[in-house]
Each structure stands twice: as C-alpha cells, then as structure tokens.
C-alpha cells in the first residue's frame with residue numbers, strides 16, 4: 001500500500017534533486033541522513049494502520065532516531081515509570097499521547113530532545129500480584145524463591161510494557177531505559193537514604209501507621225481507598241459479615257472536682273469503634289467548652305478495665321458533637337496519637353499484626369470486630385450502654401487487598417518533611433518550577449504548608465532493602481554497605497569491637513516505592529555519579545503526569561532533588577486528568593475495568609476481551625462485575641483503530657485536569673478520519689505526479705512556492721486559514737492546551753482543505769493551485785505528526801527520503817492581501833441549507849445583485865454545490881427547483 005506511483009526519471013534530474021535536497025536539508029546527525037528507508041507497500045484505496053505502524057516502528061528504532069540529536073536548545077522529559085504489575089491501560093496511553101506529542105513537536109521546532117523511559121518495581125502492588133499468582137499455582141515460597149519469581153515476572157511484564165510503549169509510537173530513547181531496581185538505581189537509593197540520614201532528616205521512631213493485616217505491611221496514603229459507608233451497612237471484613245454505618249454511645253464513670261468538693265457522675269462518649277475502649281487512656285474536651293472547664297479536675301474511669309483515665313483539653317474535640325467529649329486511644333488513632341504526644345499520655349497497644357486482641361482477659365486473641373460485639377455486650381451488662389445510632393462513616397481500605405486498615409503504632413524509619421516542604425513551596429512561589437494548570441498551585445501550597453513526616457519502612461520482600469544494620473545491643477547503624485556499617489559502629493562503640501560481621505543484621509524491611517521513584521529525574525541520568533548526561537540534561541525541562549500523584553510523587557521528587565542536588569528536578573509540571581470507565585470509575589487492574597490500548601489499536605473480539613480478564617488477578621466478585629461490563633459495552637468487540645486514532649482521540653479530550661470518560665466510538669470516528677487524510681494524500685500525490693512527470697520537476701521544486709504576494713482570493717483564504725492553524729497549535733503547545741491544537745488542525749484539514757480547497761482543485765487544476773495543495777498537505781501532516789506519527793511518516797515518505805521527525809514546523813506566510821472568500825463560503829452554507837429539502841434534484845439559484853460576488857465566486861459556488869443547475873444575479877435571493 002503506497003501513494004507512490006511509478007514515474008520516469010531522468011539521470012541528470014535525479015542528480016540535480018539530490019544536490020538540492022542536500023543543500024536544503026536541516027543539519028542532522030549522519031545516522032539520520034544515512035538511515036535506509038523501509039520499502040514502500042503496494043497501493044491500496046484504504047489506509048491499513050497495522051503494517052504501516054510495524055514498518056515505521058522498526059525503522060525508527062533500528063536507526064536510533066529517538067536518541068537526542070545535537071542542538072543548542074535542549075528539551076528533556078522523564079516518563080513517569082508505570083508499574084510492572086501488568087500491561088499498560090488507556091490511562092497510560094493518555095500519558096504517552098501527551099508526552100510524545102510534546103517531544104515530537106519540540107523536535108520540529110529544532111530542539112534536542114531526550115525522552116527517558118522506564119518502569120517502576122511498585123513494591124506492594126507487584127508483591128501482591130505475584131503472591132496471588134504463586135498461590136494460584138499452589139506454590140510454596142520463601143523470600144529467596146519469591147524474589148526469583150518476581151524477577152521473572154518483571155522480565156515478562158517489563159518487556160511487555162516496553163513493547164506497548166513502542167506500539168503507541170513512543171519516541172523515547174530506549175537505549176537509556178531504566179528500572180527502579182536496576183543496579184544504578186539501587187546505588188542512588190542507598191546514597192540518598194544515607195545522605196538524608198546524615199543531614200538529620202531520616203530517623204527511627206514509634207508512630208501511627210496504616211497497617212494491612214492481609215498483606216502484613218504498612219501502606220502509603222496513595223494505597224488507601226476511602227470507602228463511604230451508609231447507615232446500617234453490612235460489610236464482609238476479616239472473613240465474616242459485620243455491621244458498619246453505626247455509632248455507639250456509652251457512659252464513662254467520672255469524678256468531678258470543684259472547689260474541693262467531689263461528685264460522681266457519667267460523661268456520655270460516642271464512638272464507632274467500641275473495641276478500642278480497651279486502649280483508652282484519656283477523655284478530651286474542647287478548651288472552650290464551659291461544661292468541662294468549670295471543674296478543677298475531672299477523673300474518668302475506663303468503663304471496661306475500670307482504670308483511672310486522664311482528662312485533657314484539645315481543639316480537636318468538637319463541642320457540638322454529642323457530649324463534646326472524645327475518647328483518646330493514642331495507639332490506634334492518628335488524631336489521638338497527636339493529642340497523646342502533646343499531653344504525655346501512654347500508648348496501650350491492643351492489637352497484634354493479625355488484628356487480634358493482645359490484652360489478657362476475656363478479649364484475648366479475639367478478632368478486633370468480634371471483640372467489638374463483646375465490649376458492647378459487656379457495657380450493656382454494666383448499664384453503661386446508652387444507644388446505637390445509624391451513622392454515615394468513612395473507612396480506610398487497602399486498595400490492594402480490600403482489607404480494613406488498622407491504625408497502629410510501629411517503630412519505623414521516617415523522613416522529616418517540614419524543612420524540605422518549605423523549599424518546595426519556595427520553588428513554586430519563585431517560579432523555579434511552574435505548575436500547569438495554574439489552579440493546581442493552590443493544592444501544592446495547601447499540602448506543603450501542613451506536611452506530615454513520611455513513613456519509609458515497608459514490611460515487604462520486593463523492594464530496596466533499607467541500608468540500616470542492627471547489632472545485638474539494639475543499635476542501628478546507617479551505612480552504604482555492611483563493611484562501612486561495621487567500621488562506623490566500631491568507631492562509635494569502642495566497647496563492642498568484639499562484634500563479628502554476622503552480628504550486623506540488615507533491616508528486613510524495604511523502602512516505600514515512592515522513595516526510589518522520588519529520585520527518578522536525576523537518578524535516571526546517573527546520579528550520584530557525575531557524568532556528561534547529568535551535566536547536560538539536568539534539571540529536566542518538564543514533568544507530565546496525572547493530577548492524582550501531585551503530592552505522592554511530584555512533591556517528593558521536588559523535595560528530594562532540592563535536598564540532594566541543590567536543584568529543582570524539572571522546570572515545569574503539567575498535570576492531566578484521570579481516564580475513567582463508562583461508569584465514572586478510575587481504571588484499575590484490581591477492578592478489571594482497564595482497557596488495554598493494544599485491544600484498541602489492533603482490535604479485539606468479545607472473546608479476547610473476556611479471556612484477558614481471566615488472565616488477571618481479579619477476585620471472583622470483581623471478575624463477574626468486569627465480565628458483565630465488557631459484555632454490555634463491547635458486545636461486538638473493538639474494531640481495529642490504530643495507534644494514531646487512539647492518540648488523536650485521547651488528546652482531543654485533554655482539557656486541563658478534567659477527568660475523562662473515554663468513548664471508544666470516538667476512537668472509531670478518528671480511525672475514519674485517518675482514512676480521510678490518507679485519501680486526500682492519495683489525490684494530491686496523483687495530481688502532483690502529473691506535473692512532475694510533464695515538467696521534469698522534483699517534489700522540492702513544487703514546494704518552492706512564494707505566496708507572500710499572492711492576491712488570488714482562494715489562495716489568500718487558504719494562506720490565512722493555514723496560518724491560523726500554525727499560530728493556534730504553537731500557542732496550544734506553549735499553554736499545553738491539546739484539545740485546542742487537535743481541534744484546530746482537524747477542522748482545517750477536514751472542512752477547509754478537503755471539503756473546500758481539494759474539491760475546487762479537482763475542477764480547477766492550475767499549476768499554482770496544485771502547488772499550494774501540495775504545500776498545504778505537507779504542512780498539515782507536519783502539524784498532525786506529533787499526534788499521528790505513523791500515518792504522517794508514511795505519507796511524507798512517499799515524497800521525501802528524510803524522516804518527518806527531523807523536518808521543521810511550518811512557518812507563517814506573511815501575505816498583505818485580504819479576501820472575501822469567507823463570505824462566499826457563508827453563502828454556500830446558506831444555499832445548502834435551502835436546497836436540502838430538494839434532495840439531489842437540480843435547483844436554480846438567484847443571488848441578490850447587491851451582494852459582492854463575482855464570476856470566480858459563482859464558479860466556486862457551482863463547484864461546491866454540484867446539484868445547482870444555473871446560478872445568476874437578480875433583485876433578490878432565491879432557490880427554486882428546476883421544472
């Protein structure tokens with residue numbers, strides 16, 4: 001399939017053309033100019049994306065065209081590394097469509113572009129899916145065998161993800177691809193941890209963490225799903241059904257002391273978690289609450305253990321909520337923990353790692369929610385139960401296991417964020433970093449003005465082991481390796497120099513995944529080593545990512561880069577919205593509602609879509625729901641759309657940080673639009689080759705058309721509309737308004753170039769009109785190429801030997817003339833509306849003689865409305881059917 005038609009070639013003319021091409025071509029590295037072009041396919045009337053995409057992917061990659069080409073201006077972007085938990089989904093395709101469009105555009109405006117790809121080890125996410133897979137296969141495993149299985153998983157899915165990148169047309173430099181657990185990344189992680197520790201920013205402490213019993217690890221905030229629970233809702237937790245969406249009110253026995261007199265009574269306290277009464281150490285009221293501040297002293301007792309409790313005051317207590325008094329359980333609630341720290345309260349831990357009660361007595365070894373029932377019954381027996389009321393609540397759930405998370409105190413490694421956060425705020429305020437869209441800056445400030453310290457420890461096997469070594473005396477030594485740890489410890493602890501190497505045991509925990517990915521912009525360039533790439537390409541130019549990880553990832557990259565390199569990691573941040581399914585849910589592998597971009601590119605039957613769900617790690621319930629949704633939404637499967645149509649569609653949705661509900665029908669529509677581009681190019685190729693054949697000209701000769709002094713009304717209009725598209729797309733890229741860019745070129749090409757200009761050229765084949773037609777086709781495919789790289793490269797290759805990627809973006813043509821051709825088009829639109837009732841029957845048109853139309857306008861109107869029989873001027877406007 002090709003546009004290229006056989007033509008006679010004269011030897012001398014060929015030599016002349018080659019010389020002209022050499023003189024006119026922009027300077028590129030020799031490997032680009034020498035890159036052999038792929039063979040052209042046989043002609044076909046329709047565009048078939050599959051062979052074209054395969055051909056050009058092979059060509060680009062085999063000729064290393066995605067590697068940076070030396071230029072004075074640099075543009076560097078790191079790809080947010082997708083997790084190796086499975087295949088890419090449409091959300092990743094959105095990311096690639098945006099980033100790759102930017103990179104391809106920057107090449108066209110003569111920038112040296114480095115686009116760095118990679119993948120993330122995704123600690124907890126990967127460990128979860130690999131364990132599920134091993135359990136499916138009924139395999140037993142220890143840490144060593146598990147890690148072996150996980151590396152195999154990485155090789156399988158990591159390579160699959162990279163293949164998907166390439167199928168999407170991603171112009172990243174794959175010779176520099178990184179993985180967050182590569183040896184180089186491991187060195188960077190170790191150096192970063194040790195450096196931050198030496199700066200006093202990393203410490204070990206007992207604090208509240210989110211504990212997942214099913215996975216036996218702490219979680220980061222992004223791994224928590226907050227479930228809104230309605231009143232009196234039954235949920236299956238810890239293996240059985242329990243009631244949630246209720247609040248309990250109990251009476252706490254209290255002594256009130258005022259002016260030396262004591263009185264006894266009760267304070268009613270509301271809680272959604274009666275089981276935690278076992279760990280209560282205090283009650284708390286607001287310092288402005290006169291009901292309690294009037295007493296000299298309040299002495300409560302725990303209604304279960306009957307131990308004496310403290311009574312404290314804190315603004316966290318809301319005066320208008322029930323009695324205005326909170327129960328304080330510092331070991332199992334983050335707010336209570338902070339109140340406990342302020343008031344020097346003790347921490348009573350009541351759950352073990354299996355969420356079972358560890359306090360001796362009637363509740364010992366009970367599951368937490370079974371203990372809840374017993375606590376309620378006990379307080380009923382003591383006449384201390386007041387009521388149970390319906391209550392809407394929010395529950396923290398593990399996004400990986402769907403377990404109800406338990407706040408617990410654990411000794412972990414922490415990173416102090418307060419000082420680093422101030423630097424991150426300052427970097428944005430001083431515009432060292434610009435955030436797009438601008439409204440996201442408010443979220444940035446809000447988050448960094450109240451930063452929480454970062455829990456770094458994870459009780460996992462898959463990840464970067466924490467470079468901390470413990471000796472029998474309980475001392476932790478932070479070091480870059482065991483040998484350094486031994487030397488450091490013995491220097492600081494001379495009394496224990498007898499410790500052997502085996503006495504230094506490395507922490508079993510691994511670091512939070514976000515720690516390694518927080519180093520991504522500079523570690524991918526070789527940090528902590530000093531090298532040419534780091535000097536040349538850091539800081540990077542732009543970080544483009546989803547709005548949902550602005551703080552979890554972007555913020556941490558900024559903090560760590562400023563602290564470890566003294567520089568911002570990137571100069572700009574661009575955020576995009578989240579791609580959601582037809583029901584508004586975020587696409588998630590665990591829900592099974594993801595769309596594989598390859599299914600859209602290559603097409604997929606309903607059977608293929610259903611089989612793909614079964615290959616995942618879905619729960620039985622999620623599998624049933626996912627299958628039902630697929631059968632409803634894709635009963636006939638997905639037709640072949642191609643990568644260009646998918647990319648173009650995704651960019652057409654890109655409007656700030658608004659979320660996106662992808663409609664596959666829209667992708668199919670743009671697949672047809674690709675065919676429109678193809679057929680337009682076919683026509684232009686045909687008429688251009690006729691001139692070349694008759695006049696012995698080259699394609700470059702035909703592009704050497706000076707329209708700056710052209711006064712032909714049609715050409716002046718074409719120049720103006722072309723110029724508008726160039727200006728609009730430049731502005732859109734500058735402001736990252738991709739919806740505006742794709743709409744602009746789509747409307748121009750379809751409605752102005754195809755529906756008007758080409759239709760006129762079919763009837764009026766002057767050389768100048770054909771030359772302009774050729775010029776605008778080439779300009780259009782250059783403008784299309786950042787969004788549709790495959791079809792545009794294929795079309796361009798039919799005329800020229802160099803890659804479209806390393807040409808130049810079209811420039812504005814400055815033409816001083818004006819034209820009334822838009823009035824002609826408006827009249828055509830009005831006539832079409834008036835003759836619609838006559839169908840395809842011939843009509844006579846009378847134009848008002850007062851309107852400014854000439855013979856050329858009449859000719860254009862006749863061409864563009866083929867069912868006009870006659871057209872003439874009269875005293876008024878009229879359309880009538882031919883008798």
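Any Cβ shown, glycine's included, is placed from N, Cα and C.
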Swiss-Prot lists motif ''HIGH' region' for one of the ranges 60-70, 71-81, 82-92; which is that range?
82-92
Residues flagged as motif ''KMSKS' region' in Swiss-Prot, choosing from 586-590, 591-595, 596-600, 601-605:
586-590
List of residues, in chain order, with Cβ under 8 A from that of residue 589 (ATP binding site) and at least 6 apart
85, 86, 89, 129, 616, 617
With DSSP helix as H/G/I and strand as E/B, how many residues of the motif ''KMSKS' region' (586-590) fall in helix, strand and coil?
0 helix, 1 strand, 4 coil
Mind looking up the mean pLDDT for the motif ''KMSKS' region' (586-590) in the predicted model?
76
